[in-house]
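S.K.: Sharing a structure below in structure tokens format, with a few things to ask.
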Amino acid sequence: MQLKIMPKKKRLSAGRVPLILFLCQMISALEVPLDLVQPPTITQQSPKDYIIDPRENIVIQCEAKGKPPPSFSWTRNGTHFDIDKDPLVTMKPGSGTLIINIMSEGKAETYEGVYQCTARNERGAAISNNIVVRPSRSPLWTKEKLEPITLRNGQSLVLPCRPPVGLPPPIIFWMDNSFQRLPQSERVSQGLNGDLYFSNVLPEDTREDYICYARFNHTQTIQQKQPISVKVISVDELNDTIAANLSDTEFYSAKSSRERPPTFLTPEGNASKKEELRGNVLSLECIAEGLPTPIIYWIKEDGILPINRTFYKNFKKTLQIIHVSEADSGNYQCIAKNALGAIHHTISVTVKAAPYWIMAPQNLVLSPGEDGTLICRANGKPKPRISWLTNGVPVEIAPDDPSRKIDGDTIIFSNVQESSSAVYQCNASNEYGYLLANAFINVLAEPPRILTPTNTLYQVIANRPALLDCAFFGSPLPTIEWFKGAKGSALHEDIYVLHENGTLEIPVAQKDSTGTYTCVARNKLGIAKNEVHLEIKDPTRIIKQPEYAVVQRGSTVSFECKVKHDHTLIPTVIWLKDNSELPSDERFTTDKDHLVIADVSDDDSGTYTCVANTTLDSVSASAVLSVVDVPNPPFDLELTNPLDKSVQLSWTPGDDNNSPITKFIIEYEDTMHEAGMWHHHTEVSGTQTTAQLKLSPYVNYSFRVMAENSIGRSLPSEASEQYLTKAAEPDKNPTAVEGLGSEPDNLVITWKPLNGFESNGPGLQYKVSWRQKDGDDEWTSVVVANVSKYIVSGTPTFVPYLIKVQALNDVGFAPEPAVVMGHSGEDLPMVAPGNVRVNVVNSTLAEVHWDAVPLKSIRGHLQGYRIYYWKAQSSSKRNRRHIEKKILTFQGSKTHGMLPGLEPFSHYTLNVRVVNGKGEGPASSDQVFNTPEGVPSAPSSLKIVNPTLDSLTLEWDPPSHPNGILTEYTLKYQPINSTHELGPLVDLKIPANKTRWTLKNLNFSTRYKFYFYAQTSAGSGSQITEEAVTTVDEAMASRQVDIATQGWFIGLMCAVALLILILLIVCFIRRNKGGKYPVKEKEDARADPEIQPMKEDDGTFGEYSDAEDHKPLKKGSRTPSDRTVKKEDSDDSLVDYGEGVNGQFNEDGSFIGQYSGKKEKEPAEGNESSEAPSPVNAMNSFV
């Protein structure tokens, strides 16, 4: 019965058909186990065309397998080769390989011939190819006398090589006596035949050592031709030579070196033919001469050149098409073209083909009684002839076999028996070669056997294919079934693929694919089983890949590569640079996740790849490192096109170090005036390498250039050569010309002088001119040396002058200068401001008015008005003490201003003076004014002493700043119960002369909160607060102690505590959800309605609001009013305030500083009591 082999792949249908492997008759993947009887099979042999090295022993290979092991025999040149008769020939034991010992004696030529090996056993005979053995040859060049070649400039030249015929053919190249290859180009090139072609010669082609070399690779020898001498002479040299020997009529004209159109040196004519074999490289060549040198182009007539198989060599003179096929046959045209014309040559290409396989015969294993076929199909051009042999003998003369029938390229077997076993040879041949294939038919009856080792463990990465092997053999060929699990049924899912060799493929393995799989092989002679195991592993992944990095040379760079992998696999992480190992350099360090490169250099640029390998998979990630730096300095600075006021500078850029140059900076040095000092001249784009520079006269220039990129600026280049420009008159005048008097009777004219670079010539001086602005005087002028100041004496006080300063040198004057205005010197003002009035705004602010002084009396530039004021007397104590004067200056012509920061209830004196650039004028008459009372500050202290069961005594110190006459004190207090709630408020008035007060009839063991402040006729001052507790009644305390020791009381307290804890938890949960809890609602309900913004009083500046701000908390509220002290807004704008010693006012009088004085800082008005604790703070401290 014939064995059947399944198709290459077969998917199970979706209809849950059992997974059974049907096998077709071809068994290309089925190997017969070597322990079974089988015909011989050739496994190794020498190549058909076997070129040997005559200096080594000859080894002709022939290896084969079979059961029983085959015996070997050889033929040479078609007849039996008896190796026993030749002592130099031995056969390798257990093999058919011949070893011919020619090292000791004998010659390789003796054993040249055609060899064929036969491997034979009881089941048949296999034969090798015909092996043609030839020794390699590297003959010498024949002796020849080569005459020197002399030719005119521009002529064409071909230097022949004509190497000796070798085996294999040699490689040709041209060199000189120093073994240096001769340079080749579009003009000079070597042809496929080895000749050296010159399209036109030049004088530099003259040399005496044009040598053609032939390298024979097989014998590793090089042979050389005799040197060829070439001399190229110009027409003039040629005519000089002829003139000495010949008549004038024989002179050469210059036509020999004139331009000419192309002509072909090779191939000749307009057309040629070329034949090539399929699979080889097609090489077509066209070399042309002409002047100028022609350019070669290639086209294919009626077709296009194959894109991926076409290459150009030898400066496009050679067209190569690799893997040529019959489709490449056709006409190819080469075109040679220069400026004078074009020619073309057509090459007709025919592609022939030695035989090649379409279907080579395969070994056939059949069981007795089965049918089968051997197919041998080949193609070629011309079409090959197919012939059959059996056991090395042509089938026509071989013994008959009734089971065999030959039908052209097919042998049909039917009802085979064991005697039908044999080896068949198929020979396909044409004029270009042959193919020989051995294929046996082996008739066996064998039960199934599974060749894959049992319990093989396969580990596969998830989501990848899993291939479970089930290599098998049997005759008839078994069917294959796969099962999953110990008691599983045949696989029915359509997610599996079966291969002809029994392999089960899971295209996308998942975690649930893990398990045990059973392969079952059956034929009519038996059954075989095998279990394999599959484990699915998590894939290795790079979860943090290295990133592209741009770093500066010399810095440190780090690449990160974090790997996640299956916990049962151990990964190895390696780093590659440009797909090669990292350099062996201590600057490169690696750890688990990082590659660190220290002191980065230019050579470190490249692609760095992190490769994570396990036994099952490999992943990689790459990043590019670009090493950048500031550019290298430019070089080769050159000055060209020198003119009087310009020159062209050119340079060569340095390396940009991987960051494009964005600009060039050009600097100059004036070695005549400022040697060693470099100045910026201009900048140009990073793409420019020249700049036209504008120059100044009378400067000895040197230039240098710096390049700049995104990293920074290069070092300067070397300085250029020096360039001295001619002198000229100055082209600019001094700047910053001013006229200001230093004394009342002079005018000081100053200017910024020109520097040496701006002088434009030697002898720099200045012409200084002046005249009164409002007079009819002529200009007065004086020429001074290279200075920056000139003083005009005897001028009237503070008179405007017109001034101009002109530069000049030995060549001439600068252009006419601009005229500026100045003034002669100032003097102190003569008149004091009059009609000074003071308007007291409130207790801390006064407004001052005055009349402006006449402008003529100022005798200078009006700077402003200055107010001196001081506190002379305290109205409350009526004693005088010295206070240092304070100063406020009001800029410009302002005639009023505000005096801020005054002390309430004080006596002040002030006067006003006008100010110019020279100083202050006389003071106005003193004006006296008084500030009204203000609210006092908080009492300096408050303490509670001598607490008793029902009384508390308060002691205090008066306010440190009463700011008026105290009228009384106000004391407010209220009790605080055990739940921290405030009781009813008690209000008590205390005479101003008291500093101690006792409160009686208070509750025992009760905490009280006190609010205490002083009052003047202006209102209430800031309050101070305090808390205290009355003492505890001893009898009550004793009873409390007794109750606290009772068990029922302890239990009650524990229950209450537990209840409170539960309530607190509930409240906390509700609060987190955004709702209000009862305590919060209760607090909101008890908010003090008397908490209000501070009252504004339009008539005061910097005072507190009225008594509404000092109200204590109402009963039931634990939240005090905000006692933050704020100054009230004033109706007066800050523009009315002047400046002190450290302050300034703008010309419009707006305040931009603070007044200052050396007196000790006064405390703020009675509304500042930040030190006093608020009711909330006090209560918190108690709790």
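Even glycines carry a Cβ here, placed using N, Cα and C.
TrEMBL lists 1078-1098, 1120-1129 with the feature compositional bias 'Basic and acidic residues'. The annotation compositional bias 'Polar residues' is assigned in TrEMBL to 1167-1183. Under the heading domain 'Ig-like', TrEMBL lists 40-128, 135-229, 261-350, 355-442, 448-535, 539-626. Taken from TrEMBL, the feature domain 'Fibronectin type-III' applies to 633-728, 730-827, 832-934, 938-1035. According to TrEMBL, the region 'Disordered' annotation covers 1078-1183. For 1-29, the entry in TrEMBL reads signal peptide. Annotation comment: TrEMBL describes 1048-1069 as transmembrane segment.
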S.K.: Under 8 angstroms for C-beta pairs, at least 3 of them, ignoring pairs fewer than 6 apart in sequence. Is the domain 'Ig-like' (448-535) in contact with the domain 'Ig-like' (355-442) by that rule?
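M.R.: In this chain the domain 'Ig-like' (448-535) contacts the domain 'Ig-like' (355-442) - 3 or more Cβ pairs sit under 8 Å.
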S.K.: Counting CB pairs under 8 Å, which listed stretch among 40-128, 261-350, 355-442, 539-626, 938-1035 touches the domain 'Ig-like' (135-229) the most?
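M.R.: So the stretch in question is 261-350.
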S.K.: Could you put numbers on the helix, strand and coil content of the domain 'Ig-like' (539-626), residue by residue per DSSP?
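M.R.: Each residue of the domain 'Ig-like' (539-626) counted once, the result is 3 helix, 47 strand, 38 coil.
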S.K.: What does the DSSP secondary structure composition of the domain 'Fibronectin type-III' (938-1035) look like, as residue counts for helix, strand and coil?
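M.R.: Tallying H, G and I as helix, E and B as strand, the rest coil: 2 helix, 53 strand, 43 coil.
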S.K.: Summarise the domain 'Ig-like' (355-442) as counts of helix, strand and coil residues per DSSP.
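M.R.: Its residues fall into 3 helix, 52 strand, 33 coil.
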S.K.: Within the domain 'Ig-like' (135-229), count helix residues (DSSP H, G, I), strand residues (E, B) and coil residues, in that order.
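M.R.: Reading the DSSP string over the domain 'Ig-like' (135-229) gives 3 helix, 38 strand, 54 coil.
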S.K.: According to DSSP, how is the domain 'Ig-like' (40-128) divided among helix, strand and coil residues?
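M.R.: Taking the domain 'Ig-like' (40-128) as a whole: 7 helix, 46 strand, 36 coil.
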S.K.: Examine the domain 'Ig-like' (355-442) against the domain 'Ig-like' (40-128) and state whether at least 3 Cβ pairs sit under 8 A, considering only residue pairs 6 or more apart.
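M.R.: Touching, yes - the domain 'Ig-like' (355-442) and the domain 'Ig-like' (40-128) meet the threshold of 3 or more Cβ pairs under 8 Å.
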S.K.: What average pLDDT does the predicted model assign to the domain 'Fibronectin type-III' (633-728)?
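M.R.: Result for the domain 'Fibronectin type-III' (633-728): average pLDDT 93.
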